[in-house]
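Working notes, structure below.
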Amino acid sequence: MLIKRITVGEIKVPLKVPFKTAVRTVTEVHDLVICIETDTGLAGYGEAPATAVITGDLLGSMRAALDLLAPRLLGRKLMDFNALLLLIQRSVIHHSSLKAALEIALYDLRARAFGVPLYQLLGGGDPQLKTDITISVNDLDVMVKDALRAVAEGFDCLKIKVGGHTWQDDVDSVLAIERAVGPHVALRLDANQGWTAKHAVLVIQAIEKAGVALELVEQPVKADDVAGLKFVTEHTLTPVLADEAVFSTRDALHILATGSADIVNIKLMKTGGISQAIEVASLARLHQRTCMVGCMLESAISVTAAAHFAVAFEDVVSYIDLDGPQLCASSAVDGGMRMNGPWITLPDAPGLGITAVHGLTHIKVFDV
Ligand SMILES: C[C@H](N)C(=O)N[C@@H](CCC(=O)O)C(=O)O
Ligand SMILES: [Mg+2]
């Protein structure tokens, strides 16, 4: 079975409300979509967001890197799978989101070739997951309204974006949301690098002293401030989750071995795909820690892949943040993960279970 054609295009999907974090505001998903086809008529899909401020990936830079990679993949045997993964990982440094999209398409194809859903190819598991939902950083009354709407839709875990205002505003927003939704809704905070280590400790301790038990706090400090991350982990009771601080297995090893965070957020767009995500999950298992499986602002192709991964590694994945498609006002995809409030169910179809992607623009085809 040979790789015969690689098609790249772009999708745009509007969001229900603007997505606002400490580092960016966006109103739509605008992602690269890759389709890899074999000479036997199989097609596998992948997706990559241009999260420049986190991964450094832009639509143009990913397309330029694909110009290099696609010709090297064409004509190769799909079943030389590990060699293909190495080729993707080693042909270019960085470009983690493009690598993820290519790997996802190849894993999709491999599972389709074996006639099984991807999570079964990866080891099996229960194909149902429960995700949190993101509450963007905004004025307090907007955040409370968004939180109440999410709870009314069935979500019992909120990921509240902080770090974009003063530390006192952050404390006030979190306490107001907790008062509004009640103690049975789990609260996660994500500062997206928006605090210094000392500010993070100040905010988290103020919330702890107010009697609000946070489930976790994600990436309180700058991505490269590992000493700051460790300071926060050591000076608060709330579990600390490393997100932007952990892309590669090397990053994960350092964070886990030094106890700089309690939990690691695995995103396919940071690891460069499924093969390295497996390595990070294995490292976490080795260090007797757990992981979150998260997403960037992505639509249903790559989030479906992340859900398949999370299902297969459920022993080490305790937290799910796969709300990308939930934040979208519509879908460009047929098949793939089904969503019902916080519940994600994976189809019993081969591969990712995606049958079509609509509205592709800027299409380019690489052929043998
Ligand atoms: C969408 C998800 N819940 C999330 O918050 N992901 C990122 C930010 C993604 C982005 O800016 O595209 C995170 O920091 O966890
Ligand atoms: Mg995060």
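Cβ atoms are placed via backbone N, Cα and C, with glycine included.
Take the substrate site that TrEMBL assigns to R24, T134, C295, L297, D321, D323: the candidate from K4, K159, K270 listed for it is K159. Among the candidates D170, D172, D190, the residue that TrEMBL annotates alongside E218, D243 as binding Mg(2+) is D190. Taken in sequence order, the binding-site residues K159, D190, D321 that lie near ligand 2, meaning a CB under 6 Å from one of its atoms, are D190. Distance between Cα atoms for K159 (substrate binding site) and K267 (active site, proton acceptor): 16 Å, as a whole number. Apart from D190, E218, D243, the residues listed for Mg(2+), the same chain places the Cβ atoms of K159, R188, L189, A191, N192, V217, Q219, L241, E244, N265, G294 within 8 Å of the centroid of those Cβ atoms. Relative to T134 (substrate binding site), the recorded positions with Cα atoms inside 10 Å are K161, D190, the candidates having been K161, D190, D243, K267. The CA atom of C295 (substrate binding site) is located 13 Å away from the CA atom of D190 (Mg(2+) binding site).
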